[in-house]
Amino acid sequence: MSNQTSDNNKRIAKNTAVLYVKLILSVIIGLYTSRVILQALGASDYGLYTIVGGIVSMMNFLGVTMMSVTYRYIVVEFGKGEEGDPRKVFNTSLVIHIALVLLLLIVGETFGVYFIRNIANIDTSKISDALFVLHLSLAATSFVILSVPFNGLIVAREKFVFTSVVEIGRTLLKLGMVIALAYYCGNRLRMFAIIMAIFNIILPVSMYIYCFIKDREIVRWQFNKKRSDYSGILGYAFWIMIGAVASMGQNQGSNMIINLFFNTVVNAAFGIGFQINNYLMMFVQSLNQAAIPQIMKSQSSHNTERSLSLIYGIAKIAFFIMLIPVVPLILNMDFVLKAWLKDVPQYTDVFAILLLVGGLIKCLGAGFDSSIQTTGKIRSFQIFYSVAYLMVLPAAYFLFVVGFPVYTIIICTILASVAVLVFQVRYLSRITEFEPMCYLQHTVFPCLAVVVCSLPLFLLKLFITGTVVSFLMSSVISLVWILCLIYMIGCTNEERYIVKQSINRIFK
């Protein structure tokens, strides 16, 4: 392994660790602040803020889609080395995002105001408060949209420590302001809107300042008059948006179909299972976020060996990161749900377990999206992805009609994930030098071997009594067992050597 490759791997590990720390702190503080906010505002005002925030989020759908597009273009330009022109891409992207801000403000200040005044079910006395929240939310969201090119530049530079420190700082500031809100005697809804606006503006402003100091030449304004550059980015964004719409449609559509055949209690169970899976997937996404710049840069610079090594490795690591908490969770799902919720909706445990299995399958394709996006040849994949996941809805509807159980819709989603994974493997082998057999050998087979050897752990279910002691003992046993299996079966000799070195370094 070259020194450059070793340094890059260390950078991925460091950035992943930093992102994990940020994520853990954000989740813990976020769970606490949610409770404080609800107590301070009351259900009615909190619901009002959620409605207005939802309107702005819906109108900003295109802006959210543009984030991954912007990251891709800027990172790829850096990967090209001297041939790349990140300044041109940055300024082109900035113009597009300025246009998005203008569009958001026009739609928000017309449709948004009309919706609040004439459509939304809001008490007349609260209309002025709702409009105040809308105006502030639009202003804060404008800052966030304009920061996307700057964030793309920071991602390309892999300066995750900076953004993580700022995010942790603003989360702690939000905590302090929210606690103070409980003692505020004025209009708490308006004050909360101001707090959230400050919270949302801190990170973008920090990015502006950081980039103007560190990358003054790249962020220096230069209007790009070449239409093909704009059409290229927007055309690419269209296909990314197709996939995002399909994913959102499948999630929301699943909820609607469940409600058609069952009841809101089952919807609650589905939502809780989805939430558990999302929390674990956040850790996988942090690994992805740290690795994406390296994958894209390696591929853009035609360093095939490095890019393929990253893709195989990231998929395997993502799977193991997900597997480590999944097994103890499945073993103790009843205990965890009762401790967390007390009153657990029916089918929650089944939904949660099946969704976690689906999450594990998605982990086997970690890094694939980035590799496909780097090539720019995304149309075929986005079409297949969209069709595969949207087909879950009619398939589940038909199966429910003929009497299949409620969890059938999750099984359909898992099958769609498998189909997408198989397509990704075949498609990558066509458009890059990706080798399916190497992927099976380096990633899939080790992961399957660890899973098969983990199956005896489920015999522990016979001894689990639903107490704290049995939860702790079964969790410790399963964690030790899985970690040993990952080390002995899941890792190559080189990976085991790296693990030994890391452990020795820690305990020196």
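Just so it is clear, glycine is given a Cβ too, placed from its N, Cα and C backbone atoms.
Whatever TrEMBL says is automated annotation, not expert-curated.
Annotated in TrEMBL:
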type	residues	note
TRANSMEM	12-34	transmembrane segment
TRANSMEM	46-74	transmembrane segment
TRANSMEM	94-116	transmembrane segment
TRANSMEM	136-156	transmembrane segment
TRANSMEM	168-185	transmembrane segment
TRANSMEM	233-250	transmembrane segment
TRANSMEM	256-276	transmembrane segment
TRANSMEM	310-330	transmembrane segment
TRANSMEM	350-368	transmembrane segment
TRANSMEM	380-400	transmembrane segment
TRANSMEM	406-423	transmembrane segment
TRANSMEM	470-490	transmembrane segment
The transmembrane segment (470-490) vs the transmembrane segment (310-330): 3 or more CB pairs under 8 Å: yes
Within-chain partners of the transmembrane segment (256-276) [C-beta distance under 8 Å, separation at least 6 from its ends]: 329, 337, 341, 345-348, 351-352, 354-356, 393, 396-397, 400, 406, 409-410
Recorded stretch, among 46-74, 168-185, 406-423, maximising Cβ pairs under 8 Å relative to the transmembrane segment (136-156): 46-74
